[in-house]
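A.B. asks: Please find one structure pasted underneath; my questions will follow.
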């Protein structure tokens, strides 16, 4: 699935924390991709070390 291209970096200069990424199909993962595409700097947490390869 691709994220639509947005010319404006609406979140440029903003910082965010995305918690609870479980895999590449989770809502948190989708938010992280979208926020990053809009220019935000993000930090993420994930379920556990077993989930790391999926993130």
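Using the three backbone atoms N, Cα and C, a Cβ is placed for every residue, glycine included.
Okay, so Swiss-Prot annotates it like this:
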BINDING   20, 26, 27  NAD(+) binding site
A.B. asks: Hey, for the NAD(+) site built from 20, 26, 27, who else sits with CB inside 8 A of the CB center?
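C.D. replies: For the NAD(+) site, the extra neighbours are 21, 22, 28, 29, 30, 31.
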A.B. asks: Going by DSSP, give the three-state secondary structure for residue 27 (NAD(+) binding site).
C.D. replies: helix
A.B. asks: Determine the Cβ neighbour count for residue 27 (NAD(+) binding site): the number of other Cβ atoms within 10 Å of its Cβ.
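C.D. replies: Around residue 27 (NAD(+) binding site), other Cβ atoms within 10 Å: 11.
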A.B. asks: Among all the protein chains here, how many other CB atoms are within 10 A of the CB of residue 20 (NAD(+) binding site)?
C.D. replies: 12
A.B. asks: For residue 26 (NAD(+) binding site), just count the other CB atoms lying within 10 A of its CB, please.
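C.D. replies: For residue 26 (NAD(+) binding site), the 10 Å Cβ neighbour count is 18.
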